[in-house]
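Here is the structure we will look at, set down as structure tokens.
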Ligand SMILES: O=C[C@H](O)COP(=O)(O)O
């Protein structure tokens, strides 16, 4: 645990880059090496602000080799996992395989999995449980589409996803959880929810976790915002009381931009 410069965090901020279906295994190594050099030059303290990347599955072995070989402090994870551990599930990836590759995290329920691949809350609940079975920390993604937002039902909708996706999980698992609020209308569109929108939802999610599991668990869960995050808007979002990090898509492919997001505390100090 660390305390941030503005005194609001008692949780370690997490800056996560979701590379989506970008970067082959050769490009991935180059990107990660550049990120390491950039953050080393800036003397980034990884114990103060944690950094994680989510490359495509085919990159993970190369990422593991680089991270372990050069003792990098960047964490990494898969973009998805199967709810099953092994068997006749062609194309799927077991959490066991991710754990063997040294993954710390795994994304579960990204909106592109929910919408493009039709993943239901029932499936996502099974995936969250699978992640824990293999010692992976799930980064559970939740959030509303534009119609829900315009109807004013975004909080109710997102909390229903949280409840359904966590159903049956014991408190000792939930307290290591990361939840990313990603309004679908803000993903890859350039539309960013304002800091107040991010805070409204993160506060509502934390209150829901408190109601379900108690204040102590809720205090430990890290809540991220995702959706068109850039260096220019990250610091203001991260300055909100209940926002503990960001899940960055497009901007995580640009080393200088992503490194500036990682160094958000520097921007808070200088602005
Ligand atoms: O996982 C990341 C989110 O989908 C946000 O993507 P974006 O930063 O490109 O809008």
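Numbering starts at 1 and runs along the chain as displayed.
Note that Cβ sites are derived from N, Cα and C of the backbone, with glycine treated the same way.
Under the DSSP three-state reduction, residue 110 (active site, electrophile) is assigned to coil, being neither helix nor strand. Per TrEMBL, active site, electrophile is recorded for 110.
Secondary structure from DSSP puts residue 182 (active site, proton acceptor) in coil. The active site, proton acceptor annotation in TrEMBL covers 182.
In the three-state DSSP scheme, residue 250 (substrate binding site) is classed as helix. Residues or ranges marked as substrate binding site in TrEMBL: 18, 19, 20, 188, 228, 249, 250.
Checking the binding-site residues 18, 19, 20, 188, 249, 250 for a CB within less than 6 Å of any atom of ligand 1 leaves 18, 188, 249, 250, listed in sequence order. Sequence-distant neighbours of residue 228 (substrate binding site) (same chain, 6+ residues apart, CB-CB distance under 8 A): 186, 187, 188, 189, 190, 191, 192, 250.
A distance of 12 Å separates the Cα atom of residue 182 (active site, proton acceptor) from that of residue 18 (substrate binding site).
Annotated pair residue 19 (substrate binding site) and residue 110 (active site, electrophile), C-alpha to C-alpha distance, rounded: 12 Å. Straight-line distance linking the Cα atoms of residue 110 (active site, electrophile) and residue 20 (substrate binding site), rounded to a whole number, equals 10 Å. Annotation for the recorded positions 20, 110: lowest Cβ count within 10 Å of the residue's own Cβ, 20.
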